[in-house]
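As given in Swiss-Prot:
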type	residues	note
ACT_SITE	CYS307	active site, thioimidate intermediate
ACT_SITE	ARG403	active site, proton acceptor
BINDING	ASP250, GLY300, ILE301, GLY302	NAD(+) binding site
BINDING	GLY302, GLY304, CYS307, GLU471, SER472, HIS473	K(+) binding site
BINDING	SER305, ASP340, GLY341, GLY342, GLY363, SER364, TYR387, ARG388, GLY389, MET390, GLY391, GLU417	IMP binding site
COMPBIAS	475-488	compositional bias 'Polar residues'
DOMAIN	95-153	domain 'CBS 1'
DOMAIN	157-216	domain 'CBS 2'
REGION	467-488	region 'Disordered'
Amino acid sequence: MWENKFAKESLTFDDVLLIPAASDVLPSDVDLSVKLSDKIKLNIPVISAGMDTVTESKMAIAMARQGGLGVIHKNMGVEEQADEVQKVKRSENGVISNPFFLTPEESVYEAEALMGKYRISGVPIVDNQEDRKLIGILTNRDLRFIEDFSIKISDVMTKDNLITAPVGTTLDEAEAILQKHKIEKLPLVENGRLEGLITIKDIEKVLEFPYAAKDEHGRLLAAAAIGTSKDTEIRAQKLVEAGVDALIIDTAHGHSKGVINQVKHIKETYPEITVVAGNVATAEATRALFEAGADVVKVGIGPGSICTTRVVAGVGVPQITAVYDCATEARKHGKAIIADGGIKFSGDIIKALAAGGHAVMLGSLLAGTEESPGATEVFQGRQYKVYRGMGSLGAMEKGSNDRYFQEDKTPRKFVPEGIEGRTAYKGPLQDTIYQLMGGVRAGMGYTGSENLKKLREEAQFTRMGPAGLAESHPHNVQITKESPNYSF
């Protein structure tokens, strides 16, 4: 071991390029879908990071609609995080199998609160919680001129000539009924009992976002981060009850006893849930997490733009080598890895995928979008959004200290492994995703890869030095107009 102390040489994104290959593949024809686990299939290989300035429900909804996945961060209370997951799962459905409902004795105020919280425009009214016999419907139209919100729902709900359909009605059949009767919500009933709901909004969303990433019930996919802290047990339980599709056991060092034990426990308790564990940077760590029960392993120790782990702790593996080493081990288990961190351009995404990643996790590239929860600032006449690492002092004070195994320390004793900063405002997420995936598609065309599996298995790299990197970027010219997919 002593003799091999300096034997390892590692590479990162700026050290390599993909070699062009013979190709009859057009970028517009490539397949970007990827299966991360038995229950998680994405239509683009992109996941938004579980960071408190990157992903809450708004980002997760937008990511899933684009075909990717969002990880709700855990720097919030247990109930609040579960609510964020519920917002994603209820944002659109093919058929809502467990719709919200109220009873006629409840107040209009309660209805208004429910509709506002989940951004829904109406709710079915049933006789009681047990029998759930449909007796009316309450919509925004019924509430339009209400001034006294203390009155009972029974005083304002629509109860005559209710239009319903039987359980099993298809979306096409439902659309015809909704259009015929000029209504927006169609309750599904069986023997008078409310069993489901189809809305015109959900049908429109299916048409608007045909490649959305959804579960078997037609709901958008949602993931959430957990850690190894004292509240992890109840947090995981509440998230599963909220309908989460994947739990991300998110720590700075996944190759540790506490994380491995947590993976075993979570997978044994919730075998139906996809468990993602990390972060790691070696084949040995990847093997340990897969053997513990992880479905997917997340790779990256310190490559992120806001991470200082490598300079504070002196630890890490340059990301291309880390991804390749971990992917080599993952192949033996027939499982997937996620490349997390260090990605600055769309070209880095395809490099990470070609090195063995099934998907990439993005933070800085998405933090400036409209859907991120970071605060908007104006600096020197330009709009920015706040972006910080989960190892920064601010994030650790809000709850991410357990990620860095400092749960028992007071804020004054924290040793941060991240910084707080700002990133340029970019507008809607879909514009950024379009440019990023356009770059990936182009790279797949250059390498003759019609799908991501072929890219992983057959794409070849060449190493380059600093001169090669300088040659790769625009040079000997002054840029006069910003490009939507390049800034340096």
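Placement of Cβ uses the backbone N, Cα and C atoms for every residue, glycine included.
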One residue among the recorded positions ILE301, CYS307 has the fewest other C-beta atoms within 10 A of its C-beta, namely CYS307
One should report the C-alpha separation between GLY389 (IMP binding site) and ASP250 (NAD(+) binding site), rounded to whole angstrom, as 13
As a whole number of Å, the Cα atom of GLY300 (NAD(+) binding site) is distant from the Cα atom of SER472 (K(+) binding site) by 25
As a whole number of Å, the Cα atom of ASP250 (NAD(+) binding site) is distant from the Cα atom of GLU471 (K(+) binding site) by 37
The mean pLDDT across the domain 'CBS 1' (95-153) is 88
Running the recorded positions GLY304, CYS307, GLU471, HIS473 through a 10 angstrom C-alpha radius around GLY391 (IMP binding site) leaves CYS307
Under a three-state DSSP reduction, the secondary structure at GLY363 (IMP binding site) is coil
Spacing of the two Cα atoms, SER305 (IMP binding site) and GLU471 (K(+) binding site), in whole angstrom, works out to 23
The rounded CA-CA distance in Å from TYR387 (IMP binding site) to GLU471 (K(+) binding site) is 30
Per DSSP (helix/strand/coil reduction), ASP250 (NAD(+) binding site) sits in strand
Reduced DSSP state (H/G/I helix, E/B strand, rest coil) at the residue listed as 'active site, thioimidate intermediate' is strand
Close to CYS307 (active site, thioimidate intermediate), taking Cα pairs within 10 Å and only the binding-site residues ILE301, GLY341, GLY363, are ILE301, GLY341
Within the same chain, the residues at least 6 apart in sequence whose Cβ is under 8 angstroms from that of GLY304 (K(+) binding site) are ASP340, GLY341, GLY342, GLY363, SER364, GLY389, GLY418
Residues sitting within 8 A of the centre of the ASP250, GLY300, ILE301, GLY302 CB atoms (NAD(+) site), not counting those, run ALA252, GLY278, ASN279, VAL280, ALA281, LYS298, VAL299, PRO303, GLY304, CYS307, THR309, GLY316, ASP340, GLY341
If you count the other CB atoms within 10 A of the CB of GLY302 (NAD(+) binding site), including all protein chains displayed, you should get 26
